[in-house]
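As recorded in Swiss-Prot, the features of this protein are as follows:
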DOMAIN    1-158  domain 'Obg'
DOMAIN    159-332  domain 'OBG-type G'
BINDING   165-172, 190-194, 212-215, 282-285, 313-315  GTP binding site
BINDING   172, 192  Mg(2+) binding site
DOMAIN    352-430  domain 'OCT'
């Protein structure tokens, strides 16, 4: 098992702006405000698709954006709400905020959904701001900005296919040819000390996880060499590719190697041999390999062994593609292992109280301008429609009620000093 990780950027849609409008109809002299509300912005939602096995698709697309809501209209008509954007992920995906590492959710069940970027609410139209003192307000809210963040997706991946065989039969070389994995490769035994995994993606869209597992030796089922540690990984694979090298320079008998590996597998767990196993004759580009293979087939037939044999050369790529296609076919016919079979360390969640930050911060620049920052005040600014005088006055009252005037005075602001919020600058008035 290994953890696949990918980082994506998501942005929810902005809410639609509320409208400033008035009824202008015949025989309705006191029409009043009639500006409708903006529509809700679309959210970005992760949804579990049990047909997915990996995070491969996110290697090619990193940005996901939802549409904004429609603006409000005259005659109290609401703007259209935007549709949500759904992003499919495989079961077992853990979702974290990439900046804070906060755990946002664990997605395990097919169809389970998680909102990772919430769409902004629509701004209110001027029909909401009529009062006894102001029956024709030119006040409307802009739509709330949609949530924008970076997300870290993590998937604990079990290998679908395991490469087994004696050390240096070509497992690491084959893995490097069919995936983007870069295992350590050399012509001596026990090059691979830990499992290397890679994603195989076929032209027809099928994909699976292939594991290059440490080489077996006699007595592995009793713990010799890498022993039990290796066999535990084989136990979790659904298809076994048994690699036998056809190299007459090693002085080894391919059939004896084949029998010995299967004996170790059976000694550890007889059920392993019940899984689909394909014999892969490697290094078929070497002189004398054809003769060795013919002898191997004769011994196999004499023993009544009917396992299918694929001849490959990882150097020339001979026979590699048919082998991968056959492997994908076998996986389609073989049941998956439940995620619960994997032993997980028990972890205790610790929840800490996070006090809400200040509504705003005031800092004075070298040029004397006072800059106002803070999530709450910036959100208020973005939702304020400052195209009309009524909207400007309402925004000023809201800032005053938040205590901004007093905070500016404490920082030394005087009448006429410049104050900036985001890209909006105004003069401080005592």
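Using the three backbone atoms N, Cα and C, a Cβ is placed for every residue, glycine included.
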Structural state census, the domain 'OCT' (352-430) (DSSP three-state): 28 helix, 17 strand, 34 coil
Residue 283 (GTP binding site) and residue 172 (Mg(2+) binding site), Cα-Cα, nearest whole angstrom: 13
Lowest local Cβ density (other Cβ within 10 Å) among binding-site residues: 171, 283: 283
Neighbour-count leader, CB within 10 A, binding-site residues: 165, 168: 165
Cβ-Cβ distance under 8 Å to residue 313 (GTP binding site), same chain, at least six residues away: 282, 283, 284, 285, 319
Number of other Cβ atoms within 10 Å of the Cβ of residue 172 (Mg(2+) binding site) across all protein chains: 22
Where residue 283 (GTP binding site) sits in the secondary structure, as DSSP reduces it to three classes: coil
